[in-house]
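Colleague: Please see the structure below; I have some questions.
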Amino acid sequence: KSRPALANNYADSPLKLLGSSNALNTYPSLISGFMGKASSASNNIFYCNKVKDITMNHKQVTLFNMFILNVFKILHLFEKHVLRNLRDYTEGGFRLKECLRYSPLFCERGYKPPISICKSLKRKLSTSRTNDKLDPNWVTGFVDAEGCFSVIIEISEDFKWKVRISFEINLHEKDKYILYKLQSFFGVGAVYHRPDRQKSVYRVTNVTYIKNVIIPHFTNYPLVSKKAIDFLLWSKVVEIIFNKDHLTKEGFFRILSYYVSINKGVSKKVLGFYPNILPADKPVINLPEHLNPHWVSGFVAGDGGFSIYVRSAKDYALGEKVDSRFHIAQHSKDLELMHLFIQFFSCGKVTVRSNTSTPRCDFYVQDTSFLLTKVRSHFDKYPERIRRIGS
């Protein structure tokens, strides 16, 4: 049987019913209260004639109240911590007002976040999604500056040997996000961290990945610096290992000859076991006539620098002057490459530092007009993509 008297008692305040009665009105009456519509036995025919009341004890009423409050809390937190952040990133436009009709807060159509938020996001996300994909020439330029093609030889006292190869890039831990970008680009390898040394490294050691991914990339987008010589010799070692020839004595000695000519040469331990190793002939690498602009941006991201410094100037009232400089430092064996930067930027100078333990050469631009018209214009057109923090 229906109970119209009960409906009349609580029709005007359905929320009051939840806190003071052990009887719960039916769903239509409760919703009509939320919608701000008065309900009574005379106009609530559906309730009186079609739906039976649900009777609850005080404990059940308390649990029901807690459930309703928790639902509203969840909706509020969802809007506050999820929708609002997404709305800021997309700069408005969510159409969820109808979906969250009874939420304490909801998204308005056409919402525009404060200008300060938009600018802050642009500063944090300095590379847009359209520029997120690295250019292959940029990657080659960065590897020319920071990459390493390694051959590691371990020899035991009983003359048993083990050969390992790796392609890796070592950076300060503050720049580890660059390594993750490169890992995503190649799709192989892993990023490791050395907190004790504040270093992070992207490394590929799997021979199959090196042969099928790493080597083809640098074959299609060749290295420009003298590091290209190391790459070619290293590739020959990879081929020997891939074919399992390194397990033979003849293959191992071929690896030793390449090993002596790569990077800094043979280690003292290996030289102690094999003092008569003959180095392999190094291939001749010819520089390109013109540098690829994407390669230049990648190389500068690795070995370039933008600095501001104070120098003495007698013709100034304070006796000092603030100057700026764009520079690239490299081993002197790449002196010819440094002169190509003069041709590329149509400005700058090259100097050789002979007062250091390692011979170095520098390309630099100090003239303010050239910095604005030549250097800046290049990076406006071909940005570094991912800037080194603190550079």
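Using N, Cα and C of the backbone, Cβ positions are placed for all residues, glycine too.
When I checked TrEMBL for this same protein, it listed these features:
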type	residues	note
DOMAIN	140-238	domain 'Homing endonuclease LAGLIDADG'
DOMAIN	297-383	domain 'Homing endonuclease LAGLIDADG'
Colleague: Taking helix as H, G and I and strand as E and B in DSSP, count the residues of the domain 'Homing endonuclease LAGLIDADG' (140-238) in helix, strand and coil.
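Modeller: DSSP composition of the domain 'Homing endonuclease LAGLIDADG' (140-238): 47 helix, 32 strand, 20 coil.
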Colleague: Count the residues of the domain 'Homing endonuclease LAGLIDADG' (297-383) that DSSP assigns to helix (H, G, I), to strand (E, B) and to coil, and report the three numbers in that order.
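Modeller: Summed by class, the stretch gives 35 helix, 32 strand, 20 coil.
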